[in-house]
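Q: Below you'll find the structure I mean.
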Amino acid sequence: GILDTLKNLAISAAKGAAQGLVNKASCKLSGQC
């Protein structure tokens, strides 16, 4: 239903944000930003 769809969207957004933070951190650590 709609609640499941919203929950999945929220999970996807959270995963995307986390991935972005990880990418930013790793590029800073490796000095490749």
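Each Cβ is built from the backbone N, Cα and C atoms, and glycine gets one as well.
Quantities reported herein were computed from a predicted structural model and do not represent experimental measurements.
From Swiss-Prot, for reference:
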- Cys27-Cys33: disulfide bond (DISULFID)
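Quick one: where do these features end up spatially?
A: Around Cys27 (disulfide bond), the same-chain residues six or more apart in sequence whose CB sits under 8 Å from its CB are Cys33, listed in sequence order.
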Q: For Cys33 (disulfide bond), name the DSSP secondary structure in the helix/strand/coil scheme.
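A: Coil, per DSSP.
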